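Participant: Sending over a structure as structure tokens; questions will come in a sec.
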Number of protein chains: 2
Amino acid sequence: MAALQRLQPVRRVAVSGGTHGNEMSGIYLVKHWLREPSALQRDSFSATPFLTNPLAIERCVRYVGRDLNRTFTKQFLNSKAARDEPYEVQRAREINHLYGPKGSAEAFDFLFELHNTTANVGACLIASAQDNLLPMHMCHFIQTHCTPGYYPILLYNLPDQETYSISSVAKHGLAFELGPQPQGVLRADLFTQMGALMACALDFIDLFNKGTTFPAFEMEAYRFIGSVDYPRHPDGELCAAVHSKLQDKDFLPLRPGDPIFQTFSGEEILYQGHTTIYPVFINEAAYYEKKIAFNKTEKCSLSIPALQRE
Amino acid sequence: MAALQRLQPVRRVAVSGGTHGNEMSGIYLVKHWLREPSALQRDSFSATPFLTNPLAIERCVRYVGRDLNRTFTKQFLNSKAARDEPYEVQRAREINHLYGPKGSAEAFDFLFELHNTTANVGACLIASAQDNLLPMHMCHFIQTHCTPGYYPILLYNLPDQETYSISSVAKHGLAFELGPQPQGVLRADLFTQMGALMACALDFIDLFNKGTTFPAFEMEAYRFIGSVDYPRHPDGELCAAVHSKLQDKDFLPLRPGDPIFQTFSGEEILYQGHTTIYPVFINEAAYYEKKIAFNKTEKCSLSIPALQRE
């Protein structure tokens, strides 16, 4: 068993909504908290809510020039302002200035990202990798303390890949990804659930700050390993849809030979892989342009050491 | 009992997909039929598929300049081309030229519109009004001959209101509105269902053309009577979401005193009307900008006389 790990207390916390301007739960939660900030206050800190991509939110689109949540990399954050650059590059630098700089001692301690997907992922908790202990303990706390439910954990970073999402600007971060919810729609049930997740996460930080010892534990997670594109005609047009038997089956096992697509002419296309995988973000609206019909993950078991503040 | 009505045979039929460029079932069905037209052929006629708003489809947005499906009115169809007019005004005139002109003897006999909504309307059949017998018989034929299911009929036109949708360009028309489906997402189940509806409707036209007598019948329909906006802060921002108890309850009775909204602070807002209504298009993504949280309908019984071709 690994020894107890110690981390500095968490004082500066930010909550970002509307990194994608048509994901409504986070947008309306942040707008609500900006009017009534008390929900984000705890004894040991207060979280700062902010709207991430105001121009995209105003137009109710995912982004204006490029996907903001793929723009928090060195390439963009260290670039010089240019007249013809996408709006999101400028906004990423601003956010990095306000809540980072990424990788520095001055960066915020924790940054939450609030997202929605059209896929049936339920209430999914997304961390970049397992080596950042604070988010992993937060996930475990949510799984054991939040309203009974299924809170799958997704690890999105490939080995040696640079982190690119907004939460990577702070020292620690976590994304809440709730679905299914259509783009541009606010569902009361997901709004309430996202608010409850946020409250539970802030309670965890408060307990951590107050010196609570969080014991070691084992947990299950889903690790991103790649993606699968839609079948296409030679001219690039789709020739099939996600199969009805795969639709809405996020985080469930997909075995070699299982159907994954049905062509518009009615034929089935089967999964040709050699191992069981766990698809996520199945038929996500925003991923058509990224040529992703679903992401592939593998299930893994993690051993997380005990944690306490310094 | 009203006497048997006679109408001319239906020879020129068009099927429009992508009047709204992010409603994917119709878009991909039309793209499929353009490659493989046999599904639209019957003994007595062949239907012509076409993509209604190519620019919006390319960008995967509802429209580029203005809602095309509110643009088939005299005001727009008779307007002169202007340099700064919305793209959809020009496109409406083109479509009117190809499949109309609206109200003329040269117009196509029948025009189908294929739509999706984020609301839980199921497979809804939308006609402008009950006085156009051919679509009403077609609806009845679908209800009695298509795969067992619920096919509610919505009459969208207010008395004395000018028709404004694309199908009004032809002599007769009907819209298939399938939901829930997020904008920009193609679900295999709805794709298949919309294809089956289309096949059933074309079978009906073929039988009609061949001289089948369709007896008189009684039917139930939902008549549009108005709409309800979201509650808002004084600055116009939403302060509430559709109540969880109303969400997804399209075509079900809403009684005075039933909850319709929940504010972001957690209070319930109740329906203040004096009669039972039947909400439809509850929480439709595209209606936020139209200030419509849901449409109100009243249930009505219709007596439809028997029909045969001339």
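Any Cβ shown, glycine's included, is placed from N, Cα and C.
Where the annotation comes from TrEMBL, it is an automatic prediction and has not been curated.
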Participant: From the candidates A:His32, A:His97, A:His115, give the one listed by TrEMBL for the same Zn(2+) site as A:His20, A:Glu23.
Facilitator: A:His115
Participant: Could you tally the C-beta atoms, other than its own, that fall within 10 angstroms of the C-beta of A:Glu23 (Zn(2+) binding site)?
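Facilitator: Taking every protein chain into account, the count is 29.
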Participant: Suppose you look only at the domain 'Succinylglutamate desuccinylase/Aspartoacylase catalytic' (A:10-205); what would the mean pLDDT be?
Facilitator: 97
Participant: Are there any residues in the same chain, six or more apart in sequence, whose C-beta is under 8 angstroms from the C-beta of A:His20 (Zn(2+) binding site), and if so which?
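Facilitator: Within the chain, A:His20 (Zn(2+) binding site) has Cβ neighbours under 8 Å at A:Asn53, A:Ala56, A:Arg62, A:Tyr63, A:Asp67, A:Leu68, A:Asn69, A:His115, A:Asn116, A:Ala286.
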Participant: For A:Glu177 (active site, proton donor/acceptor), what residues in its own chain, 6 or more apart in sequence, show a Cβ-Cβ distance under 8 Å?
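Facilitator: In sequence order, A:His115, A:Asn116, A:Thr117, A:Val121, A:Ala123, A:Cys124, A:Leu125, A:Ile126, A:Leu154 meet the Cβ cut-off.
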Participant: Taking the Cβ of A:His115 (Zn(2+) binding site) as the centre, count every other Cβ atom within 10 Å, in any protein chain shown.
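Facilitator: Excluding its own Cβ, the number within 10 Å is 24.
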Participant: Tally of helix, strand and coil residues over the domain 'AstE/AspA barrel-sandwich hybrid' (A:218-299) according to DSSP?
Facilitator: 3 helix, 33 strand, 46 coil
Participant: Which are the residues of the chain, A:His20, A:Glu23, A:His115 excluded, whose CB is within 8 A of where the CB atoms of the Zn(2+) site average out, their centroid?
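Facilitator: Once A:His20, A:Glu23, A:His115 are set aside, the remaining close residues are A:Gly18, A:Thr19, A:Asn22, A:Gly26, A:Arg62, A:Asn69, A:Leu114, A:Asn116, A:Thr117, A:Glu177.
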